[in-house]
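According to Swiss-Prot, the protein has these features:
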type	residues	note
DISULFID	Cys52-Cys66	disulfide bond
DISULFID	Cys59-Cys71	disulfide bond
DISULFID	Cys65-Cys78	disulfide bond
MOD_RES	Phe84	phenylalanine amide
SIGNAL	1-21	signal peptide
Amino acid sequence: MKVSVLITLAVLGVMFVWASAAELEERGSDQRDSPAWLKSMERIFRSEERECRKMFGGCSVDSDCCAHLGCKPTLKYCAWDGTFGK
């Protein structure tokens, strides 16, 4: 029973990908298809300068992270540094 459910889900997934690819090929993947507000949001996020990185944000040094967060050296992300207070 489990195998038949997995096979059915796999077939449905393949059919979805195939149908999406056919529709994309038919319409084309031109940038004019994307809404104008999406392009403006992309511009805003690219140009916005952030003060500090929040939890799990990428970093290179401790000063990149917000208060009470430190940059983990192995995976380079901001995580709680174990401190409390204001």
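Each residue, glycine too, has its Cβ placed from N, Cα and C.
The two recorded residues, Cys59 (disulfide bond) and Cys78 (disulfide bond), have Cα atoms 6 Å apart. Only Cys65, of the recorded positions Cys65, Cys71, Phe84, have a C-alpha within 10 angstroms of the C-alpha of Cys52 (disulfide bond).
Here the CA atom of the residue listed as 'phenylalanine amide' lies 15 Å from the CA atom of Cys65 (disulfide bond).
For the recorded site, Cys65 (disulfide bond), the DSSP three-state label reads strand. Comparing Cα positions, Cys78 (disulfide bond) lies closest to Cys71 out of the recorded positions Cys66, Cys71, Phe84. Its own atom aside, the Cβ of Cys78 (disulfide bond) has 22 Cβ atoms within 10 angstroms in the protein chains shown. Here the disulfide-bonded residues are Cys52, Cys59, Cys65, Cys71; the one with the fewest Cβ atoms within 10 Å of its Cβ is Cys52. Of all Cβ atoms in the shown protein chains, 13 besides its own fall within 10 Å of the Cβ of Cys66 (disulfide bond). The Cβ of Phe84 (phenylalanine amide) has 6 other Cβ atoms within 10 Å, all protein chains considered. Annotated pair Cys66 (disulfide bond) and the residue listed as 'phenylalanine amide', C-alpha to C-alpha distance, rounded: 13 Å.
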